[in-house]
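Okay, so here's the structure we're looking at.
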Amino acid sequence: ATAGPRSFSAAEVRARCAQGACLVSCHRRVYDLSGFVRLHPGGEQLLRRRAGTDVSAALDGPPHRHSANARRWLEQYYVGEIEPGDEQVPPRGRTGTGVGTSLDEEEVDAADQTLRQTDLCYKTVNVEKDLVDWEKPLLWQVGYLGEKYDEWVHQPVDRPIRLFHSDFFEFLSKTAWYVVFMVWTPVVLYLSWVSYTSLAQGNTRLFSSFTTEYSIPVHKYYFPFIFLLGMILWSLLEYLIHRFVFHMKPPASNYYLITLHFLLHGQHHKSPFDRSRLVFPPVPASLVIGFFYGVLRLLLPRVLGLSVFVGGLCGYVIYDMMHYYLHYGSPKKGTYLYGLKAYHVKHHFEHQRSGFGISTRFWDYPFQTLIPEETFKKDD
């Protein structure tokens, strides 16, 4: 059975943090963020520096005002209360510990004993009050939520999702990040070689189906530029699919469209840190990839279409790897990926109708879906 909330003294909080845990308080409520520190968009070190302190002021910013979803997310890690009269946690000591440097050995031993005795299973979902039964596969339930679906799916939780009754289909719906790299990278390398050697034969000409007199030869030296064009086209396609397919708002009265939306993308917004559902499984991905290859074959000469296709496929692999990293990586502050991680997390927690660029924010500019920068006014 899961232990209920308990009382913490400031000494216990200090001792637990000294052992490597990351406990913070907010208005006397204590939260154990130990399992979340690497996922925090502000970086692990930021949370480590706040370990053992009250974060109520930090939640309001600057530099970032946390959304209602972020505050709801915090409640999943609630473990107890600071004892009355003991609210003021002592100031931080060494950098990165968030606690004083002088700790009584008895305090550490007592906290270690408490750690072994206390069940710290997080209250990720209030099973009694939630709109679905988390003990059963969710895919066939969400369609009945109707008008409540959109709000429900955009209130993220930190727990894995089961979609199907069938273990076989459930297995096919999950993928480790490295599987995408292992499956598609050899395909990209092989098709790149085929494209380059085919262009080297000198038989590929643009517009040859319309005219032979004015057709344009495509030399092998053009391959890198055609490949790059494919990557750019993928980045646009990534944006368009994310915005108009993954973020369509299904009609409240349509059970099947709600179910389809949850299968395609809603489950990712409901559980954004389910590591087995952050990349596209190879089996359904192969069907989509095959469709786009067919389209390019119809529009372009065979070798030219293949060259564009392989560039787009490379862009897809980079996108999937980046998407996983933006959720589970801990990029260094000030880097491009650090800003992109914060941008993507804002999309999940607050700006679900904007910020559709994942591997790049470029297309959010011309389509005017850029997430606005936060501004803070000084209090009088």
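The backbone N, Cα and C atoms fix where each Cβ goes, glycine too.
Values in this document were obtained by computation on a predicted structure and should not be read as measured data.
The domain 'Cytochrome b5 heme-binding' annotation in TrEMBL covers 5-83. According to TrEMBL, the feature heme binding site maps to H40, H66. Taken from TrEMBL, the feature transmembrane segment applies to 176-196, 221-241, 278-300, 306-326. Sequence annotations record features per position, and here TrEMBL assigns Zn(2+) binding site to H242, H247, H265, H268, H269, H323, H327, H344, H347, H348.
With a threshold of 8 Å between CB atoms, the same-chain residues lying at least 6 positions outside the transmembrane segment (176-196) that come near it are 220, 223, 226-227, 275-276, 278-280, 282, 285, 303, 306-307, 309-310, 313-314, 316-317, 320-321, 324.
Note on the transmembrane segment (278-300): residues 172-177, 179-180, 183-184, 237, 268, 306, 308-309, 312-313, 316, 320-321, 323-324, 327-328 of its chain, located 6 or more positions outside it, place their CB under 8 angstroms from a CB of the stretch. Averaged across the domain 'Cytochrome b5 heme-binding' (5-83), the predicted model reaches a pLDDT of 87. For the pair H269 (Zn(2+) binding site) and H40 (heme binding site), the C-alpha distance works out to 16 angstrom. Broken down with DSSP, the domain 'Cytochrome b5 heme-binding' (5-83) shows 33 helix, 17 strand, 29 coil.
Cα spacing between H327 (Zn(2+) binding site) and H40 (heme binding site): 9 Å, rounded to the nearest whole number.
Here the binding-site residues are H269, H347, and the one whose Cβ sees the fewest other Cβ atoms within 10 Å is H269. With a cut-off of 8 Å between Cβ atoms, the residues of this chain six or more beyond the transmembrane segment (221-241) that come close are 192, 195-196, 199, 292, 304, 307-316, 318-319, 356-360, 362-364, 367. Every protein chain shown contributes to the tally, and the Cβ of H66 (heme binding site) ends up with 16 other Cβ atoms within 10 Å.
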